Amino acid sequence: MKTFNLPLLVALFYLFVSVARSQGPIDITKFGAKPNADATSALLAAWKEACAAAAPAKIVVPAGEFLLNAVKLQGPCKAPLTIEIAGNFKAPADVAQMKGEDTWVKIENVQGLTITCLPTGGTFDGQGQAAWKQNKCAQSGMCNSLPYNFRFNTLTNAQISGIKSLNSKLYHMGVMGCKNITLTGLTIDAPKDSLNTDGMHIGRSNGVHATNSKIGTGDDCISMGDGAVDVHVEGITCGPGHGISIGSMGKFANEAPNTGIFVKNCSFTDTDNGVRIKSWMNSFEASASDLHFEDITVTNVLNPVIIDQEYCPYNHCKEKTPSKVKLSKISFKNVHGAAKSAEVVKLLCSSAVPCDGVELADIDLTFPGGAAVSQCKNVKPIVTGKQNPVACGAPATPAAP
């Protein structure tokens, strides 16, 4: 009499069910996407199917040029999800066609997202040239009236690689409320005179790695707002733009602290700033600590190393009381190269809450036009290694707006 191995049968049954549930790649052309035509509804349909899949799913964007209007790709999804992009997308040039949306491509509330762009694809052209003329930030101080290229909101365990973001109407990328997210191999590009086209803005996120990317914009290559914790920025080539900035801090009440930020092995060419920490005058109380900048190379940079606690762009500060943002445990190590101005180091700290625990180590910065100077105010840094120019050789003067 034959006997049956019940545990084996049960295992085979569940294996069969798992295989039955799995599916091949979900190609957006399955939903009607065609090159040189609008792929918005097709991408949304592909996302809906992939997000509902019980097993890990993959969305495929084949080679070709596609038009894309504003999309929201929202979770939660039932399983991890991958988007593989061989094609390229263009946004509407006319911002009115985006119907008031604050973002071109918004992805949010997803665990286990992977975006991989093949060498031939992954270009997202925001076509921001016309929109930049509508930017009234300098006049009104209202700087969020145009859409980002991307917002990555509340993503957990995400891997994003190879995106090429061009000509965003406002910021290229926002990373908000994320946990354990890596963004690598990015190309971010907009002209140096494009207003407020920050390459990447990180806020209220924990465990962010931004690595091995080339960023050239009309604003900060990377900026970090409040609540940026355990952020690692490494291997970034920045220029043109305004450098890599922590802040501006203190503009709003109840900002979350910034802590554990590491910027390493980055180079800056033809930028307004290199590495910068900034907080508003007449600010609310806030804090930032454990901020470290190391192995920094500058070429023709206006302010290679700067702490600016008298930040007030466009002269919009009605009062000019000292900043209440407390800065502590900060280091600048192995910073070298040639500056565009004589003021190569400017540590302009608040008189209300002077900076604590600032370290300058192995600074070698020159100004081809004459003698370089290191300026300090309301700070007594710890100085080690080579110091060219002499650390804190002059009092700090206000930074250029």
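Cβ coordinates come from backbone N, Cα and C, glycine included.
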Among C355, C376, cysteine joined to C392 by disulfide in Swiss-Prot: C376
Cβ neighbour count within 10 Å of D219 (active site, proton donor): 25
Residue from N180, C221, C238, N265, C392 whose C-alpha is spatially nearest that of C349 (disulfide bond), among the recorded positions: C392
Nearest recorded site to C355 (disulfide bond) by CA-CA distance, among recorded positions D219, C221, C238, N265, C392: C392
Candidate recorded positions N180, N265, C392, pick with smallest Cα gap to C221 (disulfide bond): N265
